[in-house]
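S.K.: This is the structure, below, for whatever I ask next.
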Amino acid sequence: MSNHTHHLKLKTLKRAWKASKYFIVGLSCLYKFNLKSLVQTALTTLAMITLTSLVITAIIYISVGNAKAKPTSKPTIQQTQRPQNHTSPLFTEHNYKSTHTSIQSTTLSQLLNIDTTRGTTYSHPTDETQNRKIKSQSTLPATRQPPINPSGSNPPENHQDHNNSQTLPYVPCSTCEGNLACSSLCQIGLERAPSRAPTITLKKAPKPKTTKKPTKTTIHHRTSPEAKLQPKNNTAAPQQGILSSPEHHTNQSTTQI
C-alpha cells in the first residue's frame, strides 16, 4: 500500500510540473503582446502556486519518510527475533526429548562405569548379594578372626612389631596330643585364657661384631756376638753365688764354735 500511494504522489507532482510549464509559456506569449499588467498578475499567482506546491511536497516527503522508517524498522526486528522466540512446538518437543534421553544415557553410562570398577552392576543386584553371602560363609572357617576384648574395643596395635609378630588364637591343651609346640602354647582352663592372643616375635639374630686386634710391632736390633754372650755369663754368676752360699754358712758356723 505504501508503494502504491508513493507512485500516485509522483504522478500528481509530474502533472503539476507540466501545468506550470504550460502556464509559463502562456505568460511569455502575453508578454510579447505587451500585456504587462496581466503578466505581472499571472507571475505573482504562479509564484504563489509554486511556493505552496513546494511546501506541500516537502510536507508529503517528510510524512512519507517517517511512515517508511517506522514499518521498515519493525519488520527487521521481528524477522531477527522470530527464529529465537517463536519456534514450532514439534521442534521444541523433539529437542527436549533428544536432550532428555542424551542426559539419561550419559548418567546411566557413568553409573555403569562406576559400578563396573567396584565390581557391581544394576542388572542383577540380588544375585550378586547372594553370591557374596555364599562366598563369605564359605571363607569364614578358613580365615582366622582376631580376638575381641570383653570391653568391645580392640587393643592398640604396635606398628613397630607388625612385621615381626604373629597372633595365634586360643588353643586348649586337650587338643594337643604329642605336639611339643602345641603344649607349650596351649592354656589350661578358660580362666587362664588371655584377653589378648599370644604373640610370637621373630627376633633377628644380631650380626657378630668383628673387632680387629692391634698388631704388635717387633723391632729387631742387630747385636754383636759379644753382647749375646754377656747375659749367659751374668746368669751363671748368681748360680755360683747360690751354690757357694751354703759352704760359706758352714765355714761361719765352724769359726763360731
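Here the Cβ of each residue, glycine as well, is placed from N, Cα and C on the backbone.
Pulled these features from Swiss-Prot for this protein:
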type: TOPO_DOM; residues: 1-37; note: topological domain 'Cytoplasmic'
type: TRANSMEM; residues: 38-66; note: transmembrane segment
type: TOPO_DOM; residues: 67-257; note: topological domain 'Extracellular'
type: REGION; residues: 70-92; note: region 'Disordered'
type: COMPBIAS; residues: 73-90; note: compositional bias 'Polar residues'
type: CARBOHYD; residues: N85; note: N-linked glycosylation site
type: REGION; residues: 118-166; note: region 'Disordered'
type: COMPBIAS; residues: 150-166; note: compositional bias 'Polar residues'
type: CARBOHYD; residues: N163; note: N-linked glycosylation site
type: DISULFID; residues: C173-C186; note: disulfide bond
type: DISULFID; residues: C176-C182; note: disulfide bond
type: REGION; residues: 187-198; note: region 'Binding to host heparan sulfate'
type: REGION; residues: 204-257; note: region 'Disordered'
type: COMPBIAS; residues: 204-222; note: compositional bias 'Basic residues'
type: COMPBIAS; residues: 231-243; note: compositional bias 'Polar residues'
type: CARBOHYD; residues: N233; note: N-linked glycosylation site
type: CARBOHYD; residues: N251; note: N-linked glycosylation site
S.K.: Can you tell me the three-state DSSP label for C173 (disulfide bond)?
M.R.: helix
S.K.: In the predicted model, what is the mean pLDDT computed over the topological domain 'Cytoplasmic' (1-37)?
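M.R.: Across the residues of the topological domain 'Cytoplasmic' (1-37) the model's pLDDT averages 72 on the 0 to 100 scale.
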S.K.: Does DSSP give C186 (disulfide bond) helix, strand or coil?
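M.R.: Going by the DSSP assignment, C186 (disulfide bond) belongs to neither helix nor strand, so it counts as coil.
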S.K.: Can you tell me how far the Cα of C182 (disulfide bond) sits from the Cα of C173 (disulfide bond), in Å?
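M.R.: Distance (Cα to Cα, whole Å): 8 Å.
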S.K.: Within 10 Å of the Cβ of C186 (disulfide bond), how many other Cβ atoms are there?
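M.R.: I count 15 other Cβ atoms within 10 Å of it.
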S.K.: For C182 (disulfide bond), what is the tally of other C-beta atoms lying within 10 angstroms of its C-beta?
M.R.: 14
